[in-house]
Amino acid sequence: MEVIDLFKKLLSFPSITPDDAGSLEFIREYLSDFHALWFNKHGVKNLFLYKKFGEGEHLCFAGHVDVVPPGDGWESDPFEPLEKDGFIYARGAQDMKSGVAAFVQAVKEAKVFHGTLSLLLTSDEEGEAKWGTKYALEELERMHMTPQYAIVAEPTCEERFGDAIKIGRRGSINGVIEKIGKQGHAAYPEKAVNPIHKVAQVLPKMAGVDLDSGDEYFAPSKFVITDIRAGMEVTNVTPGRLKMMFNVRNNTKTTMQDVERFVHRYFDGMNYTLKLSQSAKPFLTDPNSKVVQVIDQAIKKMTGITPKHSTAGGTSDARFFAEYGVKTIEFGVKNDTIHAPNERTSKEEVEKLYLVFKEVIRSF
């Protein structure tokens, strides 16, 4: 089977998160000479395949087989791959069965490697992601099988194939501020404490503010207000409470404690509560590390392009590898149609991605 045939086969599985729809068992059979470990929990399947070629380092390719629901607006069946004008249309074409097909085919054809090659695949990245890669890595750590390096084949390229890799990701801090006032009649504002009026005074000082200056790899951490709600949708009652929700995509310079101090600076003296949670921690892989250097060279060899090192975008499963000290990068096809109707990627990109991964294995 060639990489494009494998790609089409994977696209035909209707693997809407967290259902792998049989795709993981298919991959296990396709790589039958690799040892297989299953880490399944709460309806989520995780497959770890590994093969020890030598006594050297452990390189893991990682990704997810689950996809988001297709939604409306498709011009073809989202789970029947359509080949047209050099593109393949299907849900998951970019995010991220192209990446999975490329590294599965690359490791299948590997004859020589100085250490251990492995694959970690999950059926829950697009959903809650609690029992996916995160859980599988917990089990691998317990078994002393954590890799030294990881390549997550998420779609990273922007304008053309090979133009960007991710060497890190911002974290995500979520917050809810509740300002407590005193409900009253709109005609007697002096007898009430209107939380909207109180909060309105500080909003210009908080909304969209940079919490740090960023650096050469990360944009500044920005305080982004996502929702404000208060009152009963009437015109003659001032509310007794106001709730404001926000998000900070933080770099390595800003912590949850920094966000707490920032909020307190403006809400000090008000009657308020603050709830904070961190759904993802920021990480950065050293640009001089082996995995970054090897992927850079492989991309340059196969495309003639030197990729930029990016940390932009949302979160991914790469963050879970980083938490275990795994030197992790992300590289895949372009990402201009992810989660959209008529998602597509070009056959040429998939073939080039497969060749890049083959070169990584050869030269690592």
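The backbone N, Cα and C atoms fix where each Cβ goes, glycine too.
Quick look at what Swiss-Prot annotates:
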- His64, Asp95, Glu154: Zn(2+) 1 binding site (BINDING)
- Asp66: active site (ACT_SITE)
- Asp95, Glu126, His339: Zn(2+) 2 binding site (BINDING)
- Glu125: active site, proton acceptor (ACT_SITE)
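Feature map: annotations from Swiss-Prot on the structure.
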| residue | record | Cβ within 10 Å |
| --- | --- | --- |
| His64 | Zn(2+) 1 binding site | 32 |
| Asp66 | active site | 28 |
| Asp95 | Zn(2+) 1 binding site | 26 |
| Glu125 | active site, proton acceptor | 27 |
| Glu126 | Zn(2+) 2 binding site | 21 |
| Glu154 | Zn(2+) 1 binding site | 25 |
| His339 | Zn(2+) 2 binding site | 15 |
**Q.** Residue pair the residue listed as 'active site, proton acceptor', His339 (Zn(2+) 2 binding site) - Cα distance, angstrom, rounded
**A.** 13
(Q) Looking at the recorded positions listed here (Asp66, Asp95, Glu154), whose Cα lies nearest to that of Glu126 (Zn(2+) 2 binding site)? (A) Asp66
Q: Would you mind reading off the Cα separation of His64 (Zn(2+) 1 binding site) from His339 (Zn(2+) 2 binding site), to the nearest angstrom?
A: 14
Q: Pull out the binding-site residues from the set Asp95, Glu154, His339 whose C-alpha sits within 10 Å of the C-alpha of Asp66 (active site).
A: Asp95
Q) In the same chain, outside His64, Asp95, Glu154, whose C-beta lies within 8 angstroms of the Cβ mean position for the Zn(2+) 1 site? A) Gly63, Met96, Gly99, Glu125, Glu126, Val152, Ala153, Pro155, Ser316, Asp317, Gly332, Ile338
Q: State the three-class DSSP label for His64 (Zn(2+) 1 binding site), counting H, G and I as helix, E and B as strand, and everything else as coil.
A: strand
Q | Euclidean distance between Cα atoms of His339 (Zn(2+) 2 binding site) and Asp95 (Zn(2+) 1 binding site), Å | A | 8
Q) About how far apart, in whole Å, are the alpha carbons (Cα) of Glu154 (Zn(2+) 1 binding site) and His339 (Zn(2+) 2 binding site)? A) 13
